[in-house]
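Read the structure below first, then the notes.
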Amino acid sequence: MRASSKKKVLVFDSGVGGLSVFQEIHRLLPHMDYLYLFDNEAYPYGELDQDVLITRVNKLVAALVEEHQADIVVIACNTASTIVLPSLRANLSIPVVGVVPAIKPASLLASQGVGLIATPATVTRQYTHELIRDFAQGKPVELLGSTRLVDMAEEKLRGESISLSELESILLPLRNKVDVAVLGCTHFPLIKEEIHQALGGEVTLVDSGEAIARRVKALLLNAMKQESREEGSKKIYASAPPWQEDALNTCLANLGFNPVQVYRLPGV
């Protein structure tokens, strides 16, 4: 990695959910330069063949890392993290940080039971069940997979209102069964307040954002001679023209980003 004072962080996701992870990292490291790429052309990742996903993510991330000389990559997507991290780490010479559902910290907090709210792909993946087996501390874990929650988070980011009654209906299987719930998709912290309300207001919600931010900070600051005190730049890219682009850009401006640029990579 470069020894300059200003480091570049590349955050990658299939949609805008990874912005919740970006916010946590930026809170700890406001003086870094940030690149955000969301692969909306292939969204949602849970429906992609595994080999296609591995090839696609490796090509996109490697190209952007080389073009912008990124110092660290954050895969802010649970589906991609469980499948692509080994190949990315083998192919890149910089650190790659992924997302893991926060089963262990949630289990330590729970007295009644743990709920895992994620995408259908995540709740059925063997990796997730291995996490539960190894880290659930003997606590019962209720699994709830929903793609609609992902869409709701995307809609909220574009200024649309969330139907609390619809949310309550989706989350009904967890009511009165858990006292801690894991937000197992990076989209879900974007609607954290609504989820908390829909679950009755007494369920503790846990996600991986803060832990990822601490990991990124540790890796970057160890490689820096001196931390910059100037506000970093923020650029955001999409692999296809985004849905409701004007509304999205309004929200992104509030986070300090310039308007979305379309990033096309031949052969992907």
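Every residue number used here counts from 1 along the chain in the order it is shown.
Placement of Cβ uses the backbone N, Cα and C atoms for every residue, glycine included.
Feature annotation from Swiss-Prot assigns substrate binding site to Asp13, Ser14, Tyr45, Gly46, Asn78, Thr79, Thr186, His187. The annotation active site, proton donor/acceptor is assigned in Swiss-Prot to Cys77, Cys185 on the grounds of sequence analysis.
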Rounded inter-Cα distance in Å - Tyr45 (substrate binding site), Cys77 (active site, proton donor/acceptor): 9
Separation of alpha carbons, Cys77 (active site, proton donor/acceptor) and His187 (substrate binding site) (Å): 9
Coarse DSSP state, helix versus strand versus coil, of His187 (substrate binding site): coil
Those binding-site residues listed as Ser14, Asn78, Thr79, Thr186, and which of them has the most Cβ atoms within 10 Å of its own Cβ: Thr186
Length of the line joining the Cα atoms of Cys185 (active site, proton donor/acceptor) and Ser14 (substrate binding site), in Å: 11
Check: same-chain CB within 8 A of substrate site center, minus Asp13, Ser14, Tyr45, Gly46, Asn78, Thr79, Thr186, His187: Gly15, Gly17, Gly18, Pro44, Ala76, Cys77, Ala80, Thr119, Val150, Cys185
Cα-Cα distance linking Cys77 (active site, proton donor/acceptor) and Gly46 (substrate binding site), given in Å to the nearest integer: 10
